[in-house]
Amino acid sequence: MKVKVGVNGYGTIGKRVAYAITKQDDMELVGVVKTKPDFEAYRAKELGIPVYAANEEFLSRFESVGFEVEGTLNDLLEKVDVIVDATPGGVGAKNKPLYEKAGVKAVFQGGEKANVAEVSFVAQANYEKALGKSYVRVVSCNTTGLVRTLNAIREYADYVYAVMIRRAADPNDIKRGPINAIKPSVEVPSHHGPDVQTVIPINIETMAFVVPTTIMHVHSVMVELKKPLTREDVIDIFENTTRVLLFEKEKGFESTAQIIEFARDLHREWNNLYEIAVWKESINVKGNRLYYIQAVHQESDVVPENVDAIRAMFELADKEESIKKTNKSLGILK
């Protein structure tokens, strides 16, 4: 059985998820939805992907430039089993009634509130909770990054404190900033901690800053331990955790710039780094406190989660099998 998949929103996340779907042997990409005939819409068409307008209102935008679409979102919903909603934050919740009316399952993204779905999802942490569900929310890039590493050491963690150093905008985004400032999130603790708790039960508080960079987020994590753990133990745990990679400053990984260059050297599409990058030298244990620093490629770390979410919703595979299939199809290193 191949699950028929549509992607609503063909931007930063949507186009990466659409690409990932085409790499799965148990899924079929039926079409993608756009609001306007921009370069991404033209590229989708060049790739042979059917393009649909978001609704009747937006059809004129395509017609005015002679861009032939296959119909509207409603037409696409008649042809799919599940829709991946990769629209801007808050839009997914507005779209949900359309999916319910069409009887189509939906995967939402982290820009939506948790109550949009039956479960918030990170594959290696709570895959089983999404089995057979109709509405699943893949959590944000930051939350996914935190959950990947914290879940691996969860049995040792008593309380987590994390500082999120967030990129200001994606590389193609000219509307956001700042470009010459550091912007604190003055709502303390920040929303990231409660979002982690929608996936795993863990005590966590976070703070966040936005800085003038586009390529990655960085997390500075401190964990109060309830059970003894050595630096070597943590290194061993992370080395054996899927979708987490250790990078060494000694080998030239001094910043996020070198980590992204590593992703480029892998010749991956859009220099995706699906894995969470942890600086090996930053891992340290002092008394009952564990410290480490990690980087998150905000454009791609959630992509494999979307694929695994679909498998769980349709019960196509168990957790280990799905993660293994997704990793292999996308060239994820471990």
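Numbers run from 1 along the shown chain.
In case you wondered, yes, glycine gets a Cβ from its N, Cα and C as well.
What Swiss-Prot records for Cys141 is active site, nucleophile, and it gives similarity to another entry as the kind of evidence. When Cβ atoms from all protein chains are considered, those within 10 Å of Cys141 (active site, nucleophile) total 25, not counting its own.
The NAD(+) binding site annotation in Swiss-Prot covers Thr12, Ile13, Gly111, Arg167, Gln298, and the record cites similarity to another entry as its basis. Cβ neighbour count for Gly111 (NAD(+) binding site): 19 (other Cβ atoms within 10 Å of its Cβ, all protein chains included).
According to its DSSP assignment, Gly193 (D-glyceraldehyde 3-phosphate binding site) is helical. Counting Cβ atoms from all protein chains shown, Gly193 (D-glyceraldehyde 3-phosphate binding site) has 20 others lying within 10 Å of its own Cβ. The D-glyceraldehyde 3-phosphate binding site annotation in Swiss-Prot covers Ser140, Cys141, Asn142, His192, Gly193, and the record cites similarity to another entry as its basis.
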Rounded Cα separation (Å) that holds between Ser140 (D-glyceraldehyde 3-phosphate binding site) and Ile13 (NAD(+) binding site): 11
Cα-to-Cα gap, Cys141 (active site, nucleophile) vs Gln298 (NAD(+) binding site), nearest whole Å: 5
Nearest of the binding-site residues (Asn142, His192, Gly193) to Ile13 (NAD(+) binding site) - Cα to Cα: Asn142
Proximal but sequence-remote residues of the same chain as Arg167 (NAD(+) binding site) (Cβ under 8 Å, at least 6 apart): Val210, Val211, Thr213, Thr214, Ile215, Met216, His217, Gln298
Cβ neighbours of Asn142 (D-glyceraldehyde 3-phosphate binding site) where a neighbour is any other Cβ within 10 Å: 25
Cα separation, Asn142 (D-glyceraldehyde 3-phosphate binding site) to Thr12 (NAD(+) binding site) (Å, whole number): 15
Neighbour-count leader, CB within 10 A, binding-site residues: Thr12, Gln298: Gln298
